[in-house]
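What Swiss-Prot lists as region 'Disordered' is 1-71. As annotated by Swiss-Prot, phosphoserine applies to 21, 28, 58, 104, 489. Annotation comment: Swiss-Prot describes 106 as phosphotyrosine, evidence class similarity to another entry. Residues or ranges marked as zinc finger by Swiss-Prot: 220-260. The Zn(2+) binding site annotation in Swiss-Prot covers 225, 228, 247, 252 and rests on sequence analysis. Residues or ranges marked as coiled coil by Swiss-Prot on the basis of sequence analysis: 259-348. As annotated by Swiss-Prot, phosphothreonine applies to 476.
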């Protein structure tokens with residue numbers, strides 16, 4: 001294209017854009033001004049690299065290639081226009097467009113006359129939008145100056161998961177045309193990502209020495225301040241948020257700020273400490289899991305032994321019941337045999353009597369057959385002289401006590417069931433209802449010995465906040481009553497009115513300087529005296545022996561050393577007055 005003046009820009013650097021209008025066929029500008037005779041410049045909007053003496057494509061001779069591109073005889077120079085679009089994910093990208101819609105061999109390049117107004121870009125910090133697309137207004141949270149913005153550090157954040165998921169995708173080079181290559185670095189100054197080929201100017205050129213190269217970044221807008229549109233290069237330690245340099249002088253004025261690199265190093269140290277603590281906790285949990293696996297085996301073995309004992313005892317019980325049953329059965333059989341023997345004796349006696357009666361009957365039948373009357377009478381007289389009536393048959397009564405035996409056995413069964421149920425209920429409720437595993441009352445690594453030695457005597461005093469009332473209760477004699485010093489109001493705690501009271505309370509023994517409780521609006525820390533930290537407005541300025549800071553001893557990094565006990569860093573120190581009234585010696 002002869003004498004063409006093309007300019008490529010993505011809007012990242014407004015200074016690099018060339019706002020000149022395309023020249024007409026005669027070589028003059030469309031607005032009538034004189035054409036610029038300087039060399040054409042091609043500006044890379046991503047890297048800011050400007051090369052002189054180069055044009056888009058090869059130069060066309062006069063009259064060549066015109067008929068191939070345009071059907072009419074009118075020669076119109078190409079108009080290159082960049083359109084910025086925003087997709088659903090909020091990512092910005094640029095494309096080239098023209099009025100007639102003819103596409104060049106290059107991706108996004110359109111040739112033809114432009115009937116649309118030129119692309120205009122907003123000022124820095126404002127959202128740049130395309131006039132060829134529907135306007136998309138971003139949702140920006142307006143924060144008033146001085147308003148505190150704190151991070152809550154949630155355990156699981158969907159935005160963090162989305163960023164991690166998007167970060168796993170490949171970042172493409174912004175300078176490649178057509179087949180985009182994978183980006184290897186991103187430049188914060190150019191706000192673009194480059195592949196190995198397009199990264200060479202940043203590595204070799206002297207103009208790009210000050211450019212900061214990072215790992216490929218997908219969303220550069222996330223690194224910009226939502227209020228000012230500048231890159232967030234600072235970190236506010238007061239509000240725990242990333243800010244730009246304009247925020248440091250406006251919303252975060254007089255706040256403690258550091259660079260994001262320093263804040264990252266500090267947070268990485270904190271993160272490493274948390275990882276070590278989590279690793280120690282994981283090791284502790286794994287040890288507990290191993291211990292509980294052994295306990296599970298012990299529980300199974302113990303339960304198996306208990307089942308064996310149960311089976312053995314109930315087998316013995318059933319065997320004893322079988323013995324008792326056999327004894328009752330033997331008694332029944334013995335009684336049956338005795339009764340049968342008695343019946344046999346009775347039957348034998350009756351058979352003997354029946355035999356005698358049969359003999360008497362036969363004698364009388366023989367006498368009845370005598371035909372001689374004299375002989376019959378003589379024999380009859382002799383028979384009747386010894387005759388007597390047969391005695392009556394003996395009577396017997398059989399006692400069948402089956403119902404009585406059944407009632408006795410029923411009572412025995414009820415008694416056995418009652419005794420068995422009573423013992424089984426006792427075993428189930430008293431012995432078997434107790435769980436194998438019982439949760440301890442002291443948890444979270446608490447010092448059991450320390451807590452047990454004092455909670456029994458002070459009740460619920462451990463829930464008292466860090467105020468003067470909490471620590472003043474320990475300033476009384478160790479053996480006396482635990483009466484805390486409670487002033488009526490903080491304003492009465494002045495040095496003039498309470499100096500005498502504190503001297504009487506603490507004593508004057510030793511070389512300690514008398515100090516009293518003072519009410520201050522803010523907690524003031526002193527290097528030589530301990531102070532009570534927290535939400536309290538009181539600062540403790542007592543004797544050095546009244547409160548001491550426990551410095552933990554250096555221990556090797558083992559899983560046991562990670563267990564911190566309750567009140568291991570800051571414990572109240574009791575005063576032992578001893579025999580003297582004014583003594584404040586340490587025990």
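Yeah, the Cβs are placed from backbone N, Cα and C, and that goes for glycine too.
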Given a separation of at least six residues and a C-beta threshold under 8 Å, show me what packs close to residue 252 (Zn(2+) binding site) in the same chain.
236, 238, 239, 243
Counting by DSSP secondary structure, give me helix, strand and coil numbers for the zinc finger (220-260).
9 helix, 11 strand, 21 coil
Other than 225, 228, 247, 252, which residues of the chain come within 8 Å of the Zn(2+) site, judged by Cβ distance to the Cβ centroid of those residues?
227, 230, 232, 243, 244, 245, 246, 248, 250, 251
Which Cβ among the binding-site residues (225, 247) has the fewest C-beta neighbours inside 10 Å?
225
When a 10 Å sphere is centred on the Cβ of residue 228 (Zn(2+) binding site), how many other Cβ atoms does it contain?
18
Taking all residues of the zinc finger (220-260) together, what is their mean pLDDT?
88
